[in-house]
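Worksheet: the structure to be examined is printed underneath.
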Amino acid sequence: MALSSIKGFVWLLLITCMIGISSAQLSNEMFYAKTCPKALRTIRKTVQDVVKNEKRMGASLLRLFFHDCFVQGCDASVLLDDTSNFTGEKNSFPNANSLRGFEVIDDIKSQLETMCPEVVSCADILALAARDAVAELGGQRWSVPLGRRDSLTASLELANSDLPAPFLDLDGLIAGFQKKNFTAEEMVTLSGAHTIGQVRCFFFRARVYNETNIDPTFAADMQAACPFEGGDNNLSPFDSSTPNNFDNAFYSNLVKNKGLVHSDQQLFGNGSSTNAQVRSYSRNMGRFKKDFANAMFKMTLLTPLTGTDGEIRQNCRVINAPSNTTTTA
């Protein structure tokens with residue numbers, strides 16, 4: 001076993017003991033070494049290709065994983081389509097007309113099903129794709145424990161209640177992340193995901209027209225992109241400085257009152273308890289990248305399904321037919 005894999009597995013054991021998050025039977029990145037040896041390479045190559053073709057897709061894959069893990073844990077529930085007798089999470093308020101990257105996961109799953117049918121879970125694909133997407137845009141890689149299985153259920157209710165909204169104040173953000181066993185410091189770190197990606201006008205209109213803790217020139221620029229009426233789906237980057245680079249510009253923008261959505265700017269200003277951390281990250285990109293990798297590693301451990309729980313979906317969008325049997329990798 002490679003030294004990096006041993007270190008990753010030791011870190012998995014340590015952090016699980018410290019934070020009490022269930023990771024029963026999760027293994028290291030050698031999990032598919034015998035059952036699907038080209039799995040990780042296939043996922044990484046596909047992610048690299050799609051992100052090179054469209055930088056924004058890197059942020060979309062990261063967000064897709066986050067929205068999966070915060071609802072029922074990292075179990076690929078977010079990927080399930082609605083049917084006549086099943087309601088999934090895709091049409092929840094935070095996800096509808098917003099989440100992207102499903103076709104990338106479909107493509108990866110199709111390739112892996114050809115290589116090694118019913119072996120690699122959609123949940124593991126999501127976790128690896130998010131890591132590889134961040135790395136492709138300049139972020140630090142993190143170990144991804146493997147062995148998750150896919151859920152048989154989804155929760156529209158939890159998707160509507162458990163995903164932090166861009167309108168939240170600082171206390172609401174802290175409470176939302178604490179619900180998932182993240183500290184206030186880790187919340188600030190994970191918010192740095194907004195150093196990449198774009199957001200719809202609907203979610204930042206109130207801030208750029210009504211709030212006073214915003215740089216006037218920045219507000220005017222954003223108003224030009226987001227009219228007072230109409231244009232709800234117009235897109236603007238969270239980070240107007242370097243929107244396609246995974247760096248610390250998000251925090252530098254906050255110090256300048258250039259946070260695009262209300263919840264982001266709540267991290268800095270008016271004596272906020274998180275001011276010092278934001279300022280530190282704005283000055284030290286290396287610290288931010290390292291902390292982000294550690295926080296994302298912790299996220300990968302959010303209540304996964306393992307062992308005989310769940311299944312290995314053949315198609316990430318639908319639960320296997322009852323007659324199908326799945327194998328354990």
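For all residues, glycine too, the Cβ spot is worked out from N, Cα and C.
Of the listed cysteines (Cys69, Cys74, Cys116, Cys122), only Cys116 is recorded by TrEMBL as the disulfide partner of Cys36. Note: the Cα of Thr195 (Ca(2+) 2 binding site) and the Cα of Arg63 (site 'Transition state stabilizer') are spaced 12 Å from each other. Rounded to a whole number, the distance between the Cα atoms of Asp239 (Ca(2+) 2 binding site) and Pro164 (substrate binding site) is 19 Å. Shown are the disulfide-bonded residues Cys69, Cys122, Cys226; the one with the most C-beta atoms within 10 angstroms of its own C-beta is Cys122.
It is Asp239 that, of the binding-site residues Asp239, Asp247, has its Cβ surrounded by the most other Cβ atoms within 10 Å.
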